Amino acid sequence: MFQALGHFSCPLTYPLVSLLSPYRIMQTLIHLLKCNIGTGLLGLPLAMKNAGLLVGPISLLAIGILTVHCMLYIVCTFPRLQKTFVNYGEAMMYSLETCPNAWLRTHSVWGRYTVSFLLITTQLGFCSVYFMFMADNLQQMVEEAHMTSNNCQPRKILVLTPILDIRFYMLTILPFLVLLVFIQNLRMLSIFSTLANVTTLGSMALIFEYIIQEIPDPSSLPLMASWKTFLLFFGTAIFTFEGVGTVLPLKNQMKHPQQFSFVLYLGMSVVIILYICLGTLGYMKFGSNTQASITLNLPNCWLYQSVKLMYSIGIFFTYALQFQVPAEIIIPFVISQVSESWTLFIDLSVRTALVCLTCVSAILIPRLDLVISFVGSVSSSALALIIPPLLELITFYAEDMSCVTITKDIIISILGLLGCVFGTYQALYELIQPINHSITNSTGVYA
């Protein structure tokens, strides 16, 4: 299905039977799945509500196919650059160095700067969303603790004025995250990654177990929503594909990098199916009451409160992993400007400042669904849909690319640009509107 979109020089397998290393492939596959399963996944039921019961799944499938296709642009471009172990930004810079245009060759370093800036913006945006997700779920767990029982009945939403502002919970989480990002030991980070995988897997199993039970008749749900809310859907959908910046590092770590295309096809097929199933079933289950995160719709009983706790723990540890991307770009540059005696102090100070920045962003705009859509529209769309086709055009244009391939690349970039512009506009428009506490980030009281 993915290869039907165009011809790539890197094969699907190489040769598959003789080279497959099951352990290494499974390890890379797990990392790929983890990179694409985060808070955005839990916001997909609301995204389906913003698109419609028919348009939503079809559009999510289309965006998924285009995103994987663009990931393959990145994977299949850098071997032509005759460089090894490059990251996304370096791939863009080396590609510009080989293009026919003299001005672009001279300013090729700005390609790396642009991609690095977008990666920093995207990853810090993810971290800010993690703050809101953990605070939302912590608020609901704490303020409903006196009503929690063993009876897992569906929620019936009533308006509740929160006992404590959501920002209080964000500030409560802040010092723990600061201490977490001080840990730089790779072995310790791998332990955190394993804990995040276990808690996320357990939470997802229980969420699916609940939403497939007693699904109401979906005939009353609209098949297509308005175009304004569809723009919010686009931002959320593209946000969920969080792993576009990790494809080259994952390929570099494989013993046989030629196998990565197979791993990418397999892993992203699983991810897309998971996205569509959770988004569609979640929307069918909760209908017009669907909240910014599906965990906020779960019953107020001890079993599903534990689901929120487990997923929040998983997101807590995932924060440290996502934080590593901007930290590894920013901190070496800052440290290079000071003497060696100040290295440790500056390192910890920058880490603290970046965590505080994500916290302040969450405090200033505590609307989980709209921030997800905004981050997805602004930077995720550029990294996932706009830059990769341009990367292929720059790298292969001198090799007599077919008109079909050139047209296809231009169309994908234009679609990404339109989604970026209009999605950003709609998210900003919604953000400046008064907050309806009965809908957005509300913690309900349920009978």
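Note that Cβ sites are derived from N, Cα and C of the backbone, with glycine treated the same way.
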I'm validating the feature mapping. Which of 232-250, 308-326 is tagged transmembrane segment in TrEMBL?
232-250
Under 8 angstroms for C-beta pairs, at least 3 of them, ignoring pairs fewer than 6 apart in sequence. Is the transmembrane segment (113-133) in contact with the transmembrane segment (166-183) by that rule?
yes
Would you confirm whether the transmembrane segment (262-282) and the transmembrane segment (195-212) meet the contact rule of 3 or more C-beta pairs below 8 angstroms, pairs 6 or more apart in sequence?
yes
